[in-house]
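What follows is a set of notes on a single structure, which appears directly below.
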Amino acid sequence: MKTEGLPAVPFSGRKQSLIEDARRDRNSTSSSSPGPSRLGDNFVFEEKYGRVSLNILFTLSNQKNAGFFKTGKIFETFEAKLVHIESRPGRKLKNSSSDLEFFMKCEVHSSDIEVFINSLKKVADDVRAIPEEKVPWFPKQIKDLDRCNALITKFDPEMDPDHPGYSDPEYKKRRAFISELAFGYKQEDPLPTVEYTAEETATWREVYLKLRSVYPSLACRQFLEGLQQLEAECGYSEERIPQLSDISAFLKVRTGFQLRPCTQYIRHSSAPMHSPEPDCCHELLGHIPMLADREFAQFSQEIGLASLGASDEEIEKLSTLYWFTVEFGLCKQNGTVKAYGAGLLSSYGELIYALSNEPEYKSFNPEETAVQPYQDQTYQPVYYVSESFEDAKIKMRRYAANIKRPFAVCYDPFTCRVEVLDQPSKIKTALSQMKEDLKTLQSALEKLCL
């Protein structure tokens, strides 16, 4: 929004330096109108100790080559604290190829806001105070993920010399081809089918048979049940790599989860028992059998929902919790420790290690787990053991409830949308709708049982 409607502050007709002009304006405003700014609540944030935070946009032309230094003088005059600054090529003015647009977040005295902005207008073009977004953008429905396709892992073989495929040009070419299927995917498209080569299938077979031989004694009950169903309904076997379309249809019926193409490529054949990055062995053997369990699928979903609106510090803690549960979690079943984390269930070496007597075990406590340093290059020094999925879910809900955020969210499984609840009325309406949905679901289940 622009601020053309702001009342102009009278300036002396006599030519004076910028610094003197700004000081005159500040003094006259302080004596005549010491009250709060008329800029409005949409533009002023975090008022504290008589100072407020402002977001300012302005453009500087090369024709005003001293503009940036004069802008600095204005900040100095009004004792404005610069919190954040960004610049980019100008987009609006005629000479946009040589102009720069600046975004600045700053703190100024609440009584100086209007004069501060008017002073900036004397040395810069298109000066605007812009409102702060209370709710930052994040995917609220499945199709929004189309904007998140071009994510790059830090272990991409093009960039990481420690990747097993770094020196294999054919492997990198093949991986790039399969990755392009994900980059170009849109929600309305059918899930891409990959015709895997004989070498890729051989790598899958070696991984599948090796892990399948130890799953019965090391994997949790929910994983084993999910894997058996996948073998019966989705073609899981050592003979072929399953296709995402079959698996996604299976999961949608069982737990409501749907898949998108991301890591359909397979690990390098020189290191079949471990991959430094997620691949189809990690996804299809580690995650998918667990996501076939409704309770675990809900647990995974709630970790993701807890991060929406959280601070960077809290998001980092939630990422660590995800790491030690969904990726490397252990649980107790019938008095024995079993694995349920995808990072363990897709890595033969670490699965054997984690269920041996070597590592340290700790009881899952979100507050402690969230600050535990973890390893992404070698085996974990410590693993957290949950009493059960239900116990872990209850603890996670308690932990998430204490995270301070400017808004709440609610996931609607019927529409597959995330609703932002930034007003009390919205929260009340969402809770009422959830109660109605539960009644509808309960009635449908009762009819099925008759």
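Sequential numbering from 1, following the chain as shown.
Heads up, the Cβ atoms here are built off N, Cα and C, so glycines get one too.
TrEMBL annotations:
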- His282, His287, Glu327: Fe cation binding site (BINDING)
- 17-27: compositional bias 'Basic and acidic residues' (COMPBIAS)
- 28-37: compositional bias 'Low complexity' (COMPBIAS)
- 123-449: domain 'Biopterin-dependent aromatic amino acid hydroxylase family profile' (DOMAIN)
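Where TrEMBL records a feature, it is marked here on the structure.
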| residue | record | contacts (Cβ under 8 Å, 6+ apart) |
| --- | --- | --- |
| His282 | Fe cation binding site | Thr263, Ser275, Ala342, Gly343, Ser346 |
| His287 | Fe cation binding site | Val326, Ala342 |
| Glu327 | Fe cation binding site | Gly341, Ala342, Gly343, Leu344 |
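Other residues of the chain with a Cβ within 8 Å of the Cβ centroid of His282, His287, Glu327, the Fe cation site, are Pro278, Glu283, Gly286, Val326, Gly341, Ala342, Gly343, Leu345, Ser346. When pLDDT is averaged over the domain 'Biopterin-dependent aromatic amino acid hydroxylase family profile' (123-449), the result is 89.
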